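Noted in TrEMBL for the protein shown:
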{"type": "BINDING", "residues": "K8", "note": "ATP binding site"}
{"type": "BINDING", "residues": "S48, D135, N147", "note": "substrate binding site"}
{"type": "DOMAIN", "residues": "275-349", "note": "domain 'PUA'"}
Amino acid sequence: MYKRIVVKIGTKVLSRENGHINESVLENIVGQISDLKKSGVEIVLITSGAVASGRGLFKLAGKIETVTDKQVFAAIGQVKLMEIYAKLFEKRNYLCAQILVTKEDFRDRGHYHNMRRCFLNLLRDGVVPIVNENDVVAIKELVFTDNDELAGLIAAQLEADALIILTSVDGVLDGSPSNPSSKTIPEIDFKNITSFQRYVVQEKTDVGRGGMTTKFAIAKKLVSSGITVHIARGTRKNVLRNIVTNRAVGTKFVPLKKTSSVKRRLAYSEGLTAGALVVNKRAGDMLISKEHSMSLLPVGITKIEGDFKKGDVIEIRDICNKKIGFGISAYDSDKIKEMVGKKGGRPVVHYDYMFIE
């Protein structure tokens, strides 16, 4: 049985066709969360639906929505969404807390650790953290692909046992969701990844940003760091209870070996880096080799991109400028420029603070 889980609810699961929140669906999910909490499970809830809720409450004169329009919808809809959650949890004698985040919060070390401490304190005190992207202040260059990405980041940040993605389909299907003969794949092991890729169909909903391809990519990152991922229909009866108690529901992505919390964070560093290091062929080959556990030494570096500080997350690229992983820099960029290509230096990125894809 899982002890700490992150649950993500998709927009289409919690909203009706008219954009209003489907309170009966939320009541069912909140009831399951409350029951699981009573049995000792720690739960963080990632919710979509603020923009969709805002659309249902506030009508614009024009038909074309701008980015600002969506921010207005989010600002209005988030209040209604949290009002419903608060009411439903209060009925069951639980408090919930609103946490609105942006991608920048995962990019900045101070923000990242402050946020983690807040989550852990809320869980310790029995409060249910409810998380959504802060659409009102997020800038175009730093928005999450969707809330699936946000859920993956938080699952890695909190070293969760599992991420459960509640969606409008039964799981990963062996064909198109529009084909009634398509069947749910009960279990996916990324050791056999090639046999499943052809079943991933990118079909985004009208009200959400996420698709199955995104979910698949997030699952691959999480299972590589030892976190189990489940995708299941959110309106299914007892879906959370069944998953947590290891009854077959939806699609389960089998976790690989456990990795450190640092490496889990690094696995989700796409778009959050402060700079990059380009390495020579020998260093690149050694880093991606499964037979060696190698740190990155100055002699293997050929080029530095960006201005960054000691402790910043940086991208590591091969001789062809192709990304091979991420790491935490042991020095600032000016110091590394003095060390490039030199033998005998200390690691610029230590193996313990490196994630190779």
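The backbone N, Cα and C atoms fix where each Cβ goes, glycine too.
In this structure the alpha carbons, written CA, of S48 (substrate binding site) and the residue listed as 'ATP binding site' are 8 Å apart. In this view, N147 (substrate binding site) is surrounded by 24 other Cβ atoms within 10 Å of its Cβ, with every protein chain counted.
A gap of 8 Å separates the Cα atoms of N147 (substrate binding site) and the residue listed as 'ATP binding site'. In the structure shown, the C-beta of K8 has more C-beta neighbours within 10 angstroms than that of any other entry among the binding-site residues K8, S48, D135.
In this structure the C-alpha atoms belonging to K8 (ATP binding site) and D135 (substrate binding site) are separated by 17 Å. The helix, strand and coil residue counts that DSSP assigns across the domain 'PUA' (275-349) are 18 helix, 23 strand, 34 coil.
Among the residues the record lists as binding substrate, namely S48, D135, N147, the two farthest apart have Cα atoms separated by 11 Å.
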